[in-house]
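These notes concern the structure reproduced below.
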Amino acid sequence: MQTLDRPNAPTQQPYPEPVYPRRPTRTVAVADVLIGSQHPVVVQSMINEDTLDVDAAVAGIRRLHEAGSEIVRVTVPSMAHAKAMEAIREKLIQTYKPVPLVADVHHNGIKIALEVAKYVDKVRINPGLFVFEKPQPGRTEYTQAEFEAIRNKIRETFTPLVQTLKAQNKALRIGVNHGSLAERMLFTYGDTPEGMVESALEFAQICAEQDFHNVVLSFKASRPQVMLAAYRLAARRFDALGLNYPFHLGVTEAGDGEYGRIKSAVGIGTLLAEGIGDTIRVSLTEAPEKEIPVAYGILQALNLRKTMVEYVACPSCGRTLFNLEEVLQKVRAATQHLVGLDIAVMGCIVNGPGEMADADYGYVGKTPGVISLYRGKEEVKRVPESEGVQALIDLIKADGRWVDPPSSH
């Protein structure tokens, strides 16, 4: 017996509308790359070369940019490193092309930041270290007067950088790390997402006072649960204050290998699925170029950016009528250059046609030794399994959607 009202049938769409609309933000320009608002989620990474080695740094930046990192960050721990950025930028222009660059500045870094701002498009600071408070052994609390004194020192120290970036039309990232909160934040809020958010807010409010809004925020942690809580809280807190700055997402120190990728996908992907996040960096203990495919894979899985063929394939079961794993690899090898297509490879007709209904093309086991080719939901032809992959290629060609793969040379 039916006990619930029948819901209205939704209009069929190629992809469902997101459950969580994307968080509205300002647009922040980093050279010619736009972050936030409705612009595509930006992928970025960081070189691991010493910035003082100009040739090595230029080579590292170029490798990352060619791999798909749209913005590249470099570490700038000293004034000498800051001055080296001038030569790095010039050599990039001479030997490659301009690349949007971010300088990473940490401990008591105002002089370094003011210098390097001349040569980069964005400066990243860590609020817990930028105006460094040396921990005092035995301290049990901060008085309100002490708290305000440090806040005034931060305003006095930080404001010149804000004014410089505003005058040069450059960007700032206020990048909080869970592991480096200032001592007074730890005393006041504990080692919590609240402390992370308040740490960023202190600096963001100074930017707002100076009418400088070319600001990106990040709240990174090595544990996805902590970073998820921090970003969600930050979205509520900053938006309530009208400081709708874009967010840079990342699980810091995610590690390496499969597990590092899983941690990054869980943290970054969950927030993106909730509509939170405007630029991402996957942090792996590997060559930086290996971070880039993971980042684009996360975006592809959420249908936020399409940079490869989307393959739909069942896990195989007793009903499968051909060697699914082998055939999928053959189909992938033949079609992986056709960026933008969705291709389904399904083992049988029980779930195949329904599960692949939104794919552009389908390859489905029909009977032993015979496969069916689909264009969308329409079965086009049945061919012997031995001819299946070539028949799929011919179908794509007949539809005018085939391009030859790029030359290996």
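Cβ from N, Cα, C; glycine included.
Positions annotated as [4Fe-4S] cluster binding site by Swiss-Prot, on the basis of sequence analysis: CYS314, CYS317, CYS348, GLU355. The annotation compositional bias 'Polar residues' is assigned in Swiss-Prot to 1-12. The region 'Disordered' annotation in Swiss-Prot covers 1-22.
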(message) For CYS314, CYS317, CYS348, listed as binding-site residues, tell me which one has the smallest number of other Cβ atoms within 10 Å.
(response) CYS317
(request) Can you see whether DSSP assigns GLU355 ([4Fe-4S] cluster binding site) to helix, strand or coil? (result) helix
(request) Take the Cβ of GLU355 ([4Fe-4S] cluster binding site) and count every other Cβ within 10 Å, whichever protein chain it belongs to. (result) 16
(message) When DSSP is mapped onto helix/strand/coil, what comes out for CYS314 ([4Fe-4S] cluster binding site)?
(response) coil
(request) Please classify the secondary structure at CYS348 ([4Fe-4S] cluster binding site) using three-state DSSP. (result) coil
